[in-house]
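Summarising the annotation, TrEMBL assigns domain 'Response regulatory' to 2-116. Residues or ranges marked as 4-aspartylphosphate by TrEMBL: ASP51. Per TrEMBL, domain 'OmpR/PhoB-type' is recorded for 124-221. Here TrEMBL flags 124-221 as DNA-binding region.
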Amino acid sequence: MKVLIIEDEKKLGKLIKKGLEEESFIVDLVHTGKEALDFLTTQSYDAIILDLMLPDISGKDVLIKIRNSSIKTPVIVLTAKDEVKDKIELLDAGADDYITKPFDFDELLARIRAVVRRDKDIKSSVISIGDLEIDLSKSTVKKSGNLIKLSSKEYLLLRYFIFNRGKILTKDNLINAVYDLSFELNSNALEVLISRLRSKIEDENHKYIKSIRGLGYIFDEE
């Protein structure tokens, strides 16, 4: 697995690099946003670890430039900020996950493996999660082997959840993914849609869509 670390604190960057290399990762370490963007023009990675506070370009701006360049590589943001609004801004900007400093290396390692695993999952045409099987090429969904009927918006919502599995999604993320915003949207339309989808894909033993208070929703197998 190949990882790019973008961290201006040289001591911390070296510690993360050393820890990942001990886990048999291939690691590049850079200390500025410009260096990172230069590396990403010639190199591809399985994951990117991005510090929010960089000396030349803010980590958030680097993240936006990465996504505007159509680079889909999973990005984990390292941040000292723990406010809900800051986390929402990072998720809206395209972060796949974030971890608040100070952090435990084992937690960072687990998060890297999780975002890479999710990224590999969505590149497959058939994705299995719990008792669900989603065939992206046929736009079909099965639960416990039985085909279930979803409306077009229910399927779009489920597909977006799957593509962002394990990632906290804000209400704006979900609305923009599903609805045509040229039409006026009822204030509780999203909640109703999520409720309908839950009724079709969930049961007592399988709860996939979880509400995260103050942030949004997350989709994952319980």
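Backbone N, Cα and C atoms are what each Cβ position is placed from, and that goes for glycine too.
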Model confidence over the domain 'Response regulatory' (2-116), as mean pLDDT, sits at 91
The correct DSSP tally for the domain 'Response regulatory' (2-116) reads 55 helix, 24 strand, 36 coil
For the domain 'OmpR/PhoB-type' (124-221), the DSSP helix/strand/coil residue counts are 33 helix, 26 strand, 39 coil
